[in-house]
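Remarks on the structure that follows.
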């Protein structure tokens, strides 16, 4: 029985008995030889200063388990071998060993004596010592101690009591979690368990964690309040009684310093967002909390976990029995649980704000949801539902923004394509969804960039597209934008799908039917889909080419927005066609279409023709002149059996001409045997044995039987003389047998807007990195030509330094114009430099004589001309200014007439002559102007006025000819006029009560009242500053100036 009961003495939680502690050391030395061989014995522990309790604790430890909190076996030890032993020996602890053993064993002896159990006698012999050694070896070799026997009933209540003490709460005086750093960087936060935990254990631990967390918060508050300092005092004042912005800033700082102990401020921010009242306060708190979540509160690589997802079954093992480590885990887990609930509440508030009546609030809530969805995985499902739901917003701005935000989300996280498309699909198939929301959702799906690794997603998208396609066809809603969006989506998803052929093949007949009734843009999408399907199977049918041949004459081609897409489709179709005569028919019709198109499309079509000629050299025979392609009239035989000839004009037949031809070919005697008209289509069954036409039929439906091989591409000759220089250059290049070498986009480079942009002489705004990134989905990247001459301003030195042969033909006009302008400005500068010379005294005196009158005191009649010199001087000043203005205007705009726009045929001499003569004006009224008969044919009033003014005294050309060298004296007869000549003016104003004779005389032809006339006179005085107030102000101002001048003169004299 002793051997069975002996292992109970070595239980970790049971104190050691004093009877076994007091043993003869000599006997122990004899019996511990086996333990010394293993390298671990009681004697070794006692020699190092330990006790028997230390020996038993070390003996029961498992080497594979953690020794201390955070320590593991195999960790790097910095201590060298024997270093610890030497340190303990230096302490001289051996003399205290026996005394410490006796003192520790006394309380254990008292406790064991009080129990009513069978006492084990003292170990005084070898048998008991051997049994003890065997039990120690068993404990040391096993991971856990052996189970207790039924006979030992004293240990069971002790274990139950220990289990009950696990959930007891003990207050501490120090913080378990130190402030600073991110809370999710602690190793405790990543511990979780996928197994469901018992609910009773979880509830008990949660209660304990709540108490621990509350005590931790209270302890943190007490220590914070006890701190003394300016920063802490200021922070407390701001949080409690500050403005909204200051309070938010202070709370952010506190949360960033220690998020675990400031969870109350996180809850305060959420309540501010929820608060109904000021929208400005709500939006401010919304942005603040969003930034806080992204930067500090939410981890990057995982979601937040609730409290029940923690490994409570391994909690004691993880903490190694250390209560502080266990409590730290509980506090951190409880904090994360509470934070997860607050974030979920915030997401619900975002959902409420996204349905607000104000557009600004909805937009801000949508943007916040998108940023959280892009940056953090927390609540991503709820946030994704919110953003996708905004595709159906009644306001188009919000729906468009939601589509754009989803595109940017997929650009940042491409792995979310399946999740996002599934959510959009659920939106599409809702029962109460609007058609506009469906359209926006389809537009988002067809903009999704796919890859060959995502064939399942492509198949799923094609299924959704054709489901809505059938719905649109059944509703006969083929003119809607939805059909075009669906066909666009199928075109983009088809190359990446694996089972798309079967689904498309079912709808081929429907696509051909829809092709002829929809608008041009939608028909281009349908043709592209048909070409992809047939080209992948190498079975491009004649039906497709006939439909494409017919679509080329659609008037919508001129105004559609998919001209580049259509030309690309034509190029691919012709390159894949093996029938050469059908390719000739397409090229012929394409050149015919260009006759009514704008220059950008013509340039693009000519470039396409050049590439087709490069791919199929057999088409070069069409460049040769055929007899039917001449512009002259031709006579050909109608039939081989008849001698009759008919008169036709090749390539310009109409239905009326055909009727006349058939009537002429029929003999007059046999009118009843008239031949039927030739049909515009040919049945397949009638191909064998039929006669081929030897002429071109432009109205044929089938390009195989239009006879395009019998004519030439004479349209190129007409295009070679086109008004647009680039069109003419492209056409001449093809006629000469060369290929067009062009690296740009003709549809964009030759537009009117691009031409007008060349007149804006400033550097364009730089594009901020959106063209060469993935932010612009499904858009072609822009080509940047660093040395492209088209990016140089046309008036720059670099542009003008180029040779004319290096300039594009559409910009030769700018090059020639600014070259001549530069030469003209240089000549003007040279002339101005030559004119700036020193003036001699004699020349200066002669110049003064032209302005001053030498005989002003000799003749009395000239004394009456008081303002003669003033008028002439002002006139001379005006002459000079007008001369300068006229010369400047001539330099800039004098030669831009209609006849002089084409500067290619104008020589430099002619340009200079026109410039010199263009700045002068004719002298209309000269000294002999009275003899001109055209000027004498006027009314009586005009002749009297001209006599009274004296036309001889006014020189209107003087302002353009500069100062006269000879002074012209005034005629005395112009000043003295008889009263008979203006007597009719006196008769009209007879009886009026105002001044009608003096200097301020006023005419009153409409017999206005005196009050009205006075008001007009006062108003005229006020306008010309002749009223009393204006005169007084002038006098005061004059006095002030005079005072200032006198003061200045006095200072200068001093």
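Just so you know, glycine gets a Cβ as well, placed from its N, Cα and C.
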Candidates 100, 203, 434, 973; Swiss-Prot annotation phosphoserine sits on 973
From the set 113, 135, 320, 858, Swiss-Prot tags as phosphoserine just 113
Among 873-902, 993-1022, Swiss-Prot marks as region 'Disordered' the stretch 873-902
Annotated as phosphoserine in Swiss-Prot, from the list 232, 435, 959, is 959
If one consults Swiss-Prot for phosphoserine across 497, 835, 939, the residue flagged is 835
In Swiss-Prot, the entry for N6-acetyllysine among 122, 695, 1041 points to 695
Three-class DSSP assignment, residue 695 (N6-acetyllysine), comes back as coil
Excluding its own, the Cβ atoms lying within 10 Å of the Cβ of residue 695 (N6-acetyllysine) add up to 14
